[in-house]
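Annotated features in Swiss-Prot:
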- 5-246: domain 'ABC transporter' (DOMAIN)
- GLY37, PRO38, SER39, GLY40, CYS41, GLY42, LYS43, SER44: ATP binding site (BINDING)
Amino acid sequence: MDPKIKIRGVNFFYHKHQVLKNINMDFPERQITAIIGPSGCGKSTLLRALNRMNDIVSGARLEGAVLLDNENIYSPNLDVVNLRKRVGMVFQQPNPFPKSIFDNVAFGPRMLGTTVQSRLDEVVEKSLRQAALWDEVKDNLHKSGLALSGGQQQRLCIARVLAIEPEVILMDEPCSALDPVSTMRIEELMQELKQNYTIAIVTHNMQQAARASDWTGFLLTGDLVEYGRTGEIFSRPRDKRTEDYITGRFG
């Protein structure tokens with residue numbers, strides 16, 4: 001099966017500072033791909049390049065190609081709004097809107113033109129169920145999303161992404177602000193979601209990458225040192241730098 005996303009010869013710069021160097025990497029469809037590496041190695045920049053979130057940063061510039069279903073998302077005539085509908089993002093800190101739980105999830109569909117209440121009701125319930133949150137909030141949909149626990153807020157943010165029916169979900173350190181129990185819930189949720197979505201996750205947590213992902217790429221100072229099946233990366237790394245990082249010798 002052709003990868004959902006392919007990165008080919010990508011260099012990325014903030015003004016004159018090069019952050020990514022000749023990256024070639026695949027993101028297989030309906031699989032979880034982890035991007036690991038020490039702080040400042042370019043992980044989040046790489047992830048954000050997959051839906052052009054870096055466009056909003058002054059001086060940001062990408063060379064090379066990022067292909068979604070074999071279409072270069074950096075083509076001049078590409079519809080970026082539609083791209084971000086197809087490739088949704090969950091951030092490090094849960095960031096629910098100061099709105100009701102219902103309105104948080106309905107926000108995207110409304111922006112995209114859905115106005116019929118019965119249809120919004122369906123989308124909100126489906127998305128909250130997919131995010132494993134429905135049973136916890138179904139009787140309190142009118143309450144503020146900010147009143148939820150940290151783990152619930154992050155699942156609400158995942159539901160908000162699911163409501164716009166993406167094909168790819170990007171997760172930038174989605175569990176770093178959560179307790180171990182909430183982290184486990186998110187990891188279990190990821191395994192369920194990959195049945196229907198392609199997932200890319202940035203994580204500092206080696207155990208999480210080993211547990212939750214199918215493929216792993218190791219970045220170091222902007223270079224993709226190694227990429228392959230997660231089991232092989234963690235049990236038989238080909239590069240000594242990979243072995244040193246995953247065993248905690250640096251990072």
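Yeah, the Cβs are placed from backbone N, Cα and C, and that goes for glycine too.
Annotation for GLY40 (ATP binding site): same-chain Cβ neighbours under 8 Å, separated by at least 6 residues, are THR221. For SER39 (ATP binding site), the count of additional Cβ atoms within 10 Å of its Cβ stands at 8 [all protein chains shown].
Over the domain 'ABC transporter' (5-246), the average per-residue pLDDT in this prediction is 96.
Least packed by the Cβ count within 10 Å, out of the binding-site residues GLY37, PRO38, GLY42, is PRO38. In this structure, SER44 is the one among the binding-site residues CYS41, LYS43, SER44 with the smallest number of other Cβ atoms inside 10 Å of its Cβ. Compute the center of the Cβ atoms of GLY37, PRO38, SER39, GLY40, CYS41, GLY42, LYS43, SER44, which mark the site for ATP; besides them, the chain residues with Cβ within 8 Å of that center are LEU219.
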